[in-house]
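Enquirer: What follows is a single structure, and I will ask about it in a moment.
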Amino acid sequence: MIQPALLKKQRITLAVLLALIVTTSLIGLGTGYSSLSFDRLIPTLFGQGTFKEEFVLFSVRLPRLVVTLLAGMALALSGAILQGITRNDLADPGIIGINSGAGVGIAIFFLFFPVQAGSLLYFLPLVAFISALFTACLIYLLSFNKSSGLQPVRLMLVGVGFSMALSGVMIVLISSAERAKVDFIAKWIAGNIWGTDWPFVWAILPWLVVLIPFALYKAHTLNLLSLHEPVAIGLGLSIEKERVVLLLTAVALAASAVSVTGGVAFIGLMAPHIAKALVGPRNQLALPVALFMGGWLLLIADTIGRNLLGPDGIPAGIVVALIGAPYFIRLLLKK
Amino acid sequence: MARLYTNDLSIGYGEQLIVKELSIKIPDKKITTIIGSNGCGKSTLLKAITRIIAPQSGTVILDGENISKENTKLLAKKMAILPQTPESASGLTVGELVSYGRFPYQNGFGRLTKRDYEAIDWALEVTGTIDYKYRPVDALSGGQRQRVWIAMAVAQETDIIFLDEPTTYLDMAHQLEVLELLQRLNTEQGRTVVMVLHDLNQAARFADYIIALKDGEIVKAGNCEEVIHYDVLKKVFHIDAEIGRDPRTNKPMCVTYNLIKGE
């Protein structure tokens, strides 16, 4: 039933986004603190580089690029699903407590478990993932009502309340901590891509390999969920079941992203929005566009942030917020 | 034996019961209309029969099965619902919205088969909306949009169609257009139509069976001669009605009425 013209538009949009991702990737790979000039990029990729060039490309920049791209995709898809099930355009993984939940988990772990730096690093994504999942489950339980089931509006209100409370908890936690630890946590909250090594890619990839196709498969269900509730029930959609399944999908996607990127906000809000503005509300078309858009947005934010200031750069989350906040305000004004 | 009936159905929000131990039968292949004053529980009853809300006690039985235990997709092949003024599906074309009516027959990705396309075109055809197929739903007038929603319910190919005040917000001509469309679906295709209506004379003119509710209980259920009656209307709406005859259809009609004062 989707018109061919629209389908074509979506294909073109996807192709353009793919081109943007490739271009941004190449720019990202060729710029940074250590020098690896653009003309050495292709030879190094094909194994013709020096040891140093290969190290910079394969052990520093490439894993970071892949992690960023994957995390952006996961956040975008998570946001698209949440906007669908809550029927609210302003929904974002942040509102179901993913960021703050993972943040508190990281803070507690980092402050109170004295582990050596090496082993700690690979343990953090797991901690972030579990605490994000735990927070989301708590929010779900508190917003669940026995007679009326899972009410999206309630979910959002409880979620927002939880996020605020957890942010408070985090400030209390880190106010008494050592300087160096506070630095790391503050950076984590700001959304600094820190999972920049191949193991992190392997940690996040399986989730995406399973959940992205699943979310795309559920595109039509999401279409129906965006209708008036009685209409969707009348069409034979098990609203309760689908909401829970999709919520879990969104939580798992966002938690896996947050576990390697820290608290990046706004990608989950912006990417689905821009996608819908470009190709319309049909999720079959919008979800893939949102996916690419999310990957690209986070990639470009990280590339800019990495090269803007000093050796450490600005966390990608802050660059995203600089773009995202005005977008959010524009959205609110439009309503 | 009716395919669809309720057993001691009680429905309420929280403590308060809105419908009390109601047992009704919906006659097959007929037009049934539920009437009653505001807040008498007619919409609530419709929602419970169509599983949109769960009853506090009692059951709704369709084809011998309790609908609260039945697979919801299976039920969607038997009954379609048009809720009161559904929000317009923004950004969709008429054809796409009507294609959603095929959801109970689809699996997974929501790809439409040849059979689905036929059902969609046919639904657009009988509801007179085929000309708008590629137009956005948002761009239609109220009457056109209402027919599109009905088309979606028709595409669902169910034996029973429920409608909650399908004529609200429409002008006189469009009200009649919608009701005549429902009548055609009933007489030409043998579909059971169950709807909540506000207008007594429309109920009398189009319904085979009328259920009059007051405070969640049945005052009278029967054909229009039995229900559009001075005593019944007095009890249901608290009005002193003058019942005459429609000169064209010879059905009973409420010509004029006064509020009953005092008591």
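A Cβ is built for glycine as well, from the same backbone N, Cα and C atoms used for every other residue.
TrEMBL: automatically predicted annotations, no manual curation.
Take a look at what TrEMBL says about it:
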type: TRANSMEM; residues: A:12-33; note: transmembrane segment
type: TRANSMEM; residues: A:62-82; note: transmembrane segment
type: TRANSMEM; residues: A:94-115; note: transmembrane segment
type: TRANSMEM; residues: A:121-143; note: transmembrane segment
type: TRANSMEM; residues: A:155-177; note: transmembrane segment
type: TRANSMEM; residues: A:197-217; note: transmembrane segment
type: TRANSMEM; residues: A:245-271; note: transmembrane segment
type: TRANSMEM; residues: A:283-301; note: transmembrane segment
type: TRANSMEM; residues: A:313-333; note: transmembrane segment
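If you look at the structure here, what lies around each of the features I listed?
Expert: Sequence-distant contacts of the transmembrane segment (A:197-217), counting only residues of its own chain at least 6 positions beyond either end whose CB sits under 8 Å from a CB of the stretch, comprise 59, 63, 66-67, 70-71, 73-74, 77, 80-81, 122, 125-126, 246, 249, 252-253, 256-257, 259-260, 284, 287-288, 291.
Cβ atoms under 8 Å from those of the transmembrane segment (A:283-301) belong to residues 2, 6-7, 10, 13-14, 17-18, 20-21, 24-25, 28, 65, 68-77, 79-80, 84, 212, 215-216, 219-220, 222-223, 261, 264, 267-268, 270-272, 274-276, 316-317, 319-320, 323 of the same chain, restricted to positions at least 6 beyond its ends.
Same-chain residues lying 6+ beyond the ends of the transmembrane segment (A:313-333) with a Cβ under 8 Å from its Cβ atoms: 68, 89-90, 187, 190-193, 261-267, 269-270, 273, 297-298, 301-302, 304-307.
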Enquirer: Which residues, given as numbers and ranges, are at least 6 beyond the ends of the transmembrane segment (A:155-177) yet have a Cβ under 8 Å from it?
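Expert: Hits for the transmembrane segment (A:155-177): 86, 88, 91, 94-97, 99-101, 103-104, 107-108, 111, 135, 138-140, 142-143, 185-186, 189, 247.
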Enquirer: Six or more residues out from either end of the transmembrane segment (A:62-82), which same-chain residues have a Cβ under 8 Å from its Cβ atoms?
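Expert: Distant contacts of the transmembrane segment (A:62-82): 21, 25, 28-29, 91-93, 95-96, 98, 193, 195-198, 200-201, 204-205, 207-208, 211-212, 215, 218, 222, 246-247, 249-251, 253-254, 256-258, 260-261, 264, 267-269, 271-272, 275, 283, 286-287, 290-299, 302, 316.
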